[in-house]
Amino acid sequence: MQELSDTLARAARKTIQPLAKSTGSPTTVDEEYNVWMAHGVEPEHSDVLGYWRNKTVQTTFPVLFRIAMDYLPVQATSVPSERAFSSSAETDTPRRNRLGPTLMEATQVSKYLVKRDRLSFTSHMEHMPSDE
């Protein structure tokens, strides 16, 4: 959590100083950061996104909020992208190497939907009356 606080402080200094000069706002990054630290940061195991979604926090710490919104969406791991490449390698084999980009994308999306039970090519058959 201390690392996140230090990162926010460094990014805030870079962001708010030009902003304060252009808007004439008396608030500096350091002042806002010091107030935020004195206010008490959220515990390490709390919902960080929930904390920054709070309108009071957004209006009290507008610059830190903007910085948090720049850093929080950053993906912490490359596993989902690695999984996508692995899945496409299974599709684009030496025997099936003539798929164009559009068809390859459609195939990958279809595979994903079928694996997640969001797409079924036989669901209509399950509800058909039998021919007895």
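Each position is counted from 1, following the chain as shown.
Quick reminder: no glycine exception, Cβ is built from N, Cα and C everywhere.
Summarised by DSSP class, the composition of the compositional bias 'Polar residues' (79-91) is 13 helix, 0 strand, 0 coil. Summarising the annotation, TrEMBL assigns compositional bias 'Polar residues' to 79-91.
Among the features that TrEMBL reports, domain 'HAT C-terminal dimerisation' is placed at 33-109. Mean pLDDT, taken over the domain 'HAT C-terminal dimerisation' (33-109), works out to 80 on the 0 to 100 scale.
Per TrEMBL, the feature region 'Disordered' maps to 79-102. Outside the region 'Disordered' (79-102), and at least 6 residues removed from its termini, the chain residues within Cβ reach (under 8 Å) are 108, 111-112.
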